[in-house]
Amino acid sequence: MQRHLISAADLTRDDAVLILDTAEEMARVADRPIKKLPTLRGRTVVNLFFEDSTRTRISFEAAEKRLSADVINFTAKGSSVSKGESLKDTAQTLEAMGVDAVVIRHSASGAPYRLATSGWIDAAVVNAGDGTHQHPTQALLDAFTMRRRLVGRDAGLGKDLDGRRITLVGDILHSRVARSNVDLLHTLGAEVTLVAPPTLLPVGVETWPCEVSYDLDSTLPKSDAVMLLRVQRERMNAAFFPTEREYSRRYGLDGDRMAKMPDHAIVMHPGPMVRGMEITAEVADSDRCTVVEQVTNGVSIRMAVLYLLLGGNEPAVSHARPIEEK
């Protein structure tokens, strides 16, 4: 493992499998009466969020606290950033406080890389989402969910997703989740297909390690997992499709379309979902939908990432003693 986690593309196959295997052990903590390990006791982790977040911020905070880290939550609103303070000044302030790791979400693509390589701060940096660029821990938790469902919890240990067929549907253009998943799933040996209207595909997508299709119905019968992506209107300044109804008709997943998928196939969504647009309530509430599992798995993945970045060399959680209740 490198010192930072900035992009899913930076991970080797062995790195990714190590994280997934470590997360499998971290998941056992959730079954304990006391959901806590002493692994990062005495370490300080800062959640540096310049962009609104619910799931990711809470997930990281839960992961940090379960590892016994000291947690500092920073949001741009109400801080000196709202008064014009730069990322450099903020980083140097955190450096002066002696933090060990920074989890950063930023609207500017490349901000986590800048923080990690600038020399402003001597700490591990984890990218929690930067603009439309990358969201590596989301890709890892998605791959973790796929491996658990498609290979098995115990059977999946040490294994990747070789030969699995994954379909990503929706707003690829504005999605850091799509980019991260394509990078990681390719590294893990999966075959990825993107399905979207031409207006929601980025320039240069033909160079990505995946296939591109405009026909969802022809792709579904060949998919082991289908991941639906929200249309990110907050990043749009023009009309990318005629109407929501037309988009849903061509690219939304309903019960009839889900029936075309293989019996073992799963439906995924990184959240937040827009029911009635990219996914119907029937599909979202079905047993094949893994949205809630993804949230649960996100905590385990982020525990694994923090553990490995801050000194862990191998999956050793099963040998660690839980903190005794006082």
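Every residue, even glycine, has its Cβ placed from backbone N, Cα and C.
Database features, via Swiss-Prot:
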BINDING   Arg55, Thr56, Arg105, His135, Gln138, Gly271, Pro272  carbamoyl phosphate binding site
BINDING   Lys83, Arg176, Arg230  L-aspartate binding site
DSSP three-state assignment (helix, strand or coil) for Pro272 (carbamoyl phosphate binding site)
coil
Entries of Thr56, Arg105, His135, Gln138 which, being binding-site residues, have CA atoms within 10 angstroms of Arg230 (L-aspartate binding site)
none
Using a 10 Å cut-off on CB atoms, tell me which of the binding-site residues Arg55, Arg176, Arg230 is the least crowded.
Arg55
Entry from the binding-site residues list Thr56, Gln138 having the most other CB atoms no farther than 10 A:
Gln138
Tell me the Cα distance separating Pro272 (carbamoyl phosphate binding site) from Arg176 (L-aspartate binding site), rounded to the nearest angstrom.
14
Using the Cβ centroid of Arg55, Thr56, Arg105, His135, Gln138, Gly271, Pro272 as the reference point for the carbamoyl phosphate site, which residues of the same chain not in that list have Cβ within 8 Å?
Ser53, Thr54, Ser59, Ala128, Gly129, Val177, Pro270
Determine the minimum-neighbour residue: among Gly271, Pro272, listed as binding-site residues, which Cβ has the fewest other Cβ atoms within 10 angstroms?
Pro272
